Amino acid sequence: MERYLSRRESGFHIHRSDDNSLMRRIYSSMNMFNSYHANCWPTDAGRTGAIFNLEFNADGNVVVAATERKCVLVFDAITQKEIFKVPDAHTDSVNCIKFFDERLFATGSDDFTVALWDLRNMKQKLRVLHGHSNWVKNIEYSSKDKLLVSSGFDGSIFTWDINSQTEQGLISQRVFHASGLMRCRISPTGDKLVLCTSGGYIMIIHHLDLTTLHKDLCGFRPGIYRLMQLGEQYIPQAAKYDHVFSKRQKKNRVELVTDFPENNDAEMIMALQIHPHCCCMLTRNVSCDEQSEWTCIHDINEEPVRSEDEQDEVEPQPKRKRVSTTLASRSSLNESQDQDTVGLTPRQARRPLRVSSVQVFQLDNSGAGRGASDNPSVLTRSDSFIPDIWAAEVTVQERAIRQNRARVSNNHVSGYNFVYAISSGVLPLRQLGANSLMGSSTSPRPLTTPPPTESNQSSSSSSSSSSSSSSSSSSNNSDTTVRLEIGNRLRLRSFNSPVTTPTFKENGHSILVNAKKLLYYAAETNTKPGFIKEPGFSADGRVVCSPYGNGVRLFGYSEDCCDYPKCQAFEEVKSKPRKLVELAKITEHQDVVLCAKFSPREPLLVTGCNGGEVTWYRPNL
């Protein structure tokens, strides 16, 4: 440290190695020096419930906490003292906070509303925004378009013009809908919108224009497009949106990110942050087995265009898989409308049910869905039916109805229950025998009455997220109703068994293959399953803070705490993703840590836990 300061005082050039070693010493020496409970009366400690989120203002001198029991806490970041406490900021849990400037901020809640606040007068809200039909889980602000952006578990993304008030309220618009939406983030430069979902994929919208987003992506359903990719079954209503992935899409171009570490079959991607310099994105996901959580860093930038393609002025063709299909002559399916997930009644049980079998449906030429065993003539008319991955949408709706009916029997409250999920497709499907695929019964049990086995009941009571998608396949010789026994989970996979893999004779179609984006990863503990843990970047982007049990871990990209890799180093990491390097591990809380946030101005870290404690950390040099 003395050598570094001496060189800087003398005006000598600071070597990168010296800078890295200094940053490593600063971050690895982080220690707790104050806590919210230490400044409370003993009777007040923990009354606010869990701390779900923390947010600094742009100057870094104010911290706002969102709590489980409807409360908003405002702290002075310099003295760590509580400035304001709003006990009934909402009528339900407060989930998220977003500052517009030094004094104005918004909060989102499980009461389906967004509230606007001014630090100069915390006695009342500036305005309450109504529009969502489910829990509001994320708020962003686009300084470029001057629009507030909110998203919730209803799958909807709304924009609000907070500068144009009318008698009916603020001017708002629903610009996009994605089933299973968990989080959305706008990059600091305002040119990208990133969505993470419960479907095991991340969606990046490049060259973001919120004013035309609704028109540019009207009708596009990323969940159905992902089903087509996983099942390798051509779906006309999904494939007709190939143009949104094209380089010719000058505004609101879409890219899907689906690669994850080995042994991490990502399902519920529940937290999302973007690097301060817009280099990458940080996510935290729950694997499909619900036994592990993972922190991952993916590249957020567009894939480079080859120089020969630029010179020839020819659009580069993305990598695609060739699939054969007979749908070219039978693509007259009715376009489905976007449907919100079923609304939830607050404070009721939210534990999902599990399903252990799937009936594969098929569509005839008129688009009417039915089970393959409903009509005996199916076996002799194999060419008049098409594989129906659209049955996944029916499954989603049926599952939501079942969950709605089952809420009374379970009192568990989870941060991401009632969000349907499919897995990312990283791990192979477990081996299934032909007998289990075909089933011994010709009339399978309906989806609404799963078998009440002990394993299903135990899994249903110990897990907090479930998947609800299905794929269908048919044989070249006959169409048979297939019950896919996949344990306690509905999973979508591409099957290679001759029993289920269809073969077609007509022209083939290509399906886009997503680019590899994974850079770094780390395995996490799965303590307090059902609660969302929010990681975060440091202000300089060198360090990642990730909740880990009753504490946090600080990760770096390398042992020497170097900055984000560039040029050749970046290409090496991208070709072979690496584990994040643990710089420090701090355990100071009495309960599981749910959120962590760095100050935008100094090496100051704040964490919040399930017990309601807010803890402050700084370097101890």
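Just so it is clear, glycine is given a Cβ too, placed from its N, Cα and C backbone atoms.
According to Swiss-Prot, of the candidate residues S307, S336, S441, the site noted as phosphoserine is S307. Looking up S133, S384, S494 in Swiss-Prot, the residue bearing an annotation of phosphoserine is S494.
Checked against Swiss-Prot, the residues S187, S497 yield a single entry marked phosphoserine: S497. The list of residues near the repeat 'WD 3' (131-170) in space but at least 6 beyond its ends in sequence, with Cβ under 8 angstroms from a Cβ of it, reads 95-100, 106-110, 112-114, 116, 176-186, 190-191, 193, 195, 208-211, 338, 340-341, 343-344, 416, 418-419.
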